[in-house]
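To start, the structure itself, in structure tokens.
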Amino acid sequence: MAASSSSDIIVLALGVILAAVYLFRDQLFSAGKPKAVPISSSKAAAGNGNPRDFIAKMKESKKRIVIFYGSQTGTAEEYAIRLAKEAKSKFGLASLVCDPEEYDFENLDQIPEDCCVFFVMATYGEGEPTDNAVQLCQNLSDESFEFSNGEHKLSGLKYVAFGLGNKTYEHYNLISRNVDRDLAKMGAIRIGERGEGDDDKSMEEDYLEWKDGMWEAFAQAMNVEEGQGGDSPDFAVTEVAEHPPEKVYLGELSARALTRTKGIHDAKNPYPAPITVARELFQIGADRNCVHIELSTEGSGITYQHGDHVGVWPSNAEVEVDRLLCALGLYDKRDTVINIESLDPALAKVPFPVPTTYGTVLRHYIDISALAGRQILGVLSKFAPNPEAETIMKDLNTNKDHYQATVAHGCMKLGEVLQYAAANDLSAKPTPETTTAWKIPFDIIVSSIPRLQPRYYSISSSPKLHPNSIHVTAVVLKYESEPVDRVQNRWVYGVGSNFLLNLKYATNHESAPLISDDAKLEPALVEVPSYPTYAIEGPRGAYKQENILKAPIHVRRSTFRLPTNPKSPVIMIGPGTGVAPFRGFVQERVAMARRTIEKNGPEGLADWGPIRLYFGCRRSDQDFLYKDEWDSYAKELQGKFIMRNAFSREPPYKPDGGKVYVQDLIWEDQEHIADAIINGKGYIYICGDAKGMSKSVEEALCKILGEAKGGSAEVEGVAELKLLKERNRLLLDVWS
């Protein structure tokens, strides 16, 4: 037994040795190989480049300008890129255009003396930074934040500031002003004046008026001379003779959509939501349309809360696609496959997926339906088909008054401006025979026209009642332009709302009315469809399945929410389609009431605070939205829901004969409102027009609260309203 045990031990030991030799064979038998030296994380980062270090990127690519943009919808980013392009063409200076969310700012104090920082900052919501600029703004304003110098100082830093805002909002351009203030406080030196663009009037004109003076100051401060740059294209566009058809983007908004693979649905990968209901909300006799659309999200993974927004991705009207294809001489090449490559990816990224086609770019990817900008007209003048057209384009570019009177007042899109300059008939159907072709390189079109963006609508439902359905309430934008030289007045159509109207017609197998049905229209336009048509079936028919149509959507989160405690009084003011989120709010409370009553009986709602809704429209028999629903909601909420309606074009009128609006009803109910806000610690919500209604409502609230506090609207009322906003008890979802 002892001998046997000894032999077992020897065999076991030999096995362990052989296993060790196998495991460490590389170290034992590779003496000739150099040993691997471990690299510390810091050295590895330095060797590979820290992706959040913009200073290193500037030095590596020899760029003297870095441009940070705070953008929520993409507009500030567009202006940042425009500034970079102008710096290149004027002075030959390369720029690094940066999303501030992707960088750290501890080394902002290390910007070289011969370099400059641009801040292109939009103001969002109630005077807030855009989502991607929150950290940047905090770093600049927080005096405890230290840069690499160990201090909160940026002595001698050269910077340029341009803000994007809207004067109809209370905190006009607050973020750019704050950034400017904070930089100056830290010893930075601003070049030129701070620019401020007003989206309520003309962001473009404000930018054009500001930039020339800024560039003059820039040249002096940076010791550079204009003329050192040159016109170099941003993109190279090539026609592709052969490419697998299934790999060509025909309007798909993401790679997942092209390959039809599953994934998270968001702004980068919208979901084609089936339309289950599409109906007209205005009554017969109304001279406008308002559509109610219900979008199924079942199985998509999409969730939402009351008060959120839904982004709908429209396409451009087919008539405008044809118009620009004809004006560019590409009508017969609409289906030609093209590839687009950026010649400077750091400055200009290809804004949509490729390869694609000429027609697809104009239909799905760029905003050809927007008002033609004045600056681009000068660029395009050199490609005019004749001297007369060139003269017109140059004049529209340089003569602000002529541009305003013709393009702005005439609501002209780029295709229409090209037709106008070439003396074509804008009222005729655009064809190669009726439209003069311009030899404009397609890369200029891609770099000059911004990406077609989603249109956002306040969701008009609650997930508590409709967990797999998002409801949209949209008034259809349609108005007449002013007649201008050689062009009579024309109908102008909003892209997003008319896209939805098309979907409504198609879903219900309805025919769009003819313009001849409308007595107000010019005889020259008789028998033309009064609403433009859209490629609603989508790329490769992806937005139509049998008889069901779909719309590409994604959800954008909002802070426009009811208080969690139903005991808090709620006051909602939403005339017109401003009532949309409040339909969702009321449904949210109805769902909660059902659960409460089921658990505690009818007395469960006894201590709930009142829910008051102030709605306004023209007439009760024409545009009273969801008229047949409100009474049933009131019954379920057992008197806690009170609705007050102002019908401006029907009696009763004011004693002086004036129209009654929601702000008048608010003043009538001043005692209820003051008690709900001051004693009940209630919440106020305003949704709708920012320019007129919202301001008037806030003035009425200031007067009510000021008097309730024993003072005036101008002092105590304003102070109380400011406090409500700071405490998130006065929330706005308004637009201009």
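From the backbone N, Cα and C atoms, a Cβ is placed for every residue, glycine too.
According to TrEMBL, the domain 'Flavodoxin-like' annotation covers 65-215. For 71-76, 122-125, 164-173, D199, the entry in TrEMBL reads FMN binding site. The feature domain 'FAD-binding FR-type' is assigned by TrEMBL to 268-546. Residues or ranges marked as NADP(+) binding site in TrEMBL: R288, T577, S648, R649, K659, V660, Y661, V662, Q663. Taken from TrEMBL, the feature FAD binding site covers R455, Y456, Y457, S458, T473, A474, V475, Y479, G494, V495, G496, S497, W735.
Comparing Y661 (NADP(+) binding site) with W735 (FAD binding site), their Cα atoms are 18 Å apart once rounded. Highest Cβ count within 10 Å among the binding-site residues R288, R455, K659: R455. Taken together, the residues of the domain 'Flavodoxin-like' (65-215) have an average pLDDT of 93. Highest Cβ count within 10 Å among the binding-site residues G74, G125, G494, G496: G496. Across the residues annotated as binding NADP(+) (R288, T577, S648, R649, K659, V660, Y661, V662, Q663), the widest Cα-Cα separation comes to 24 Å. The CA atom of G125 (FMN binding site) is located 10 Å away from the CA atom of W735 (FAD binding site). Looking only at the binding-site residues A122, V475, the densest Cβ neighbourhood within 10 Å occurs at A122. Of all Cα pairs drawn from R455, Y456, Y457, S458, T473, A474, V475, Y479, G494, V495, G496, S497, W735, which the record names as binding FAD, the longest spans 22 Å.
Candidate binding-site residues: R288, R455, Y457, T473, S648. Nearest to A122 (FMN binding site) by Cα distance: R455.
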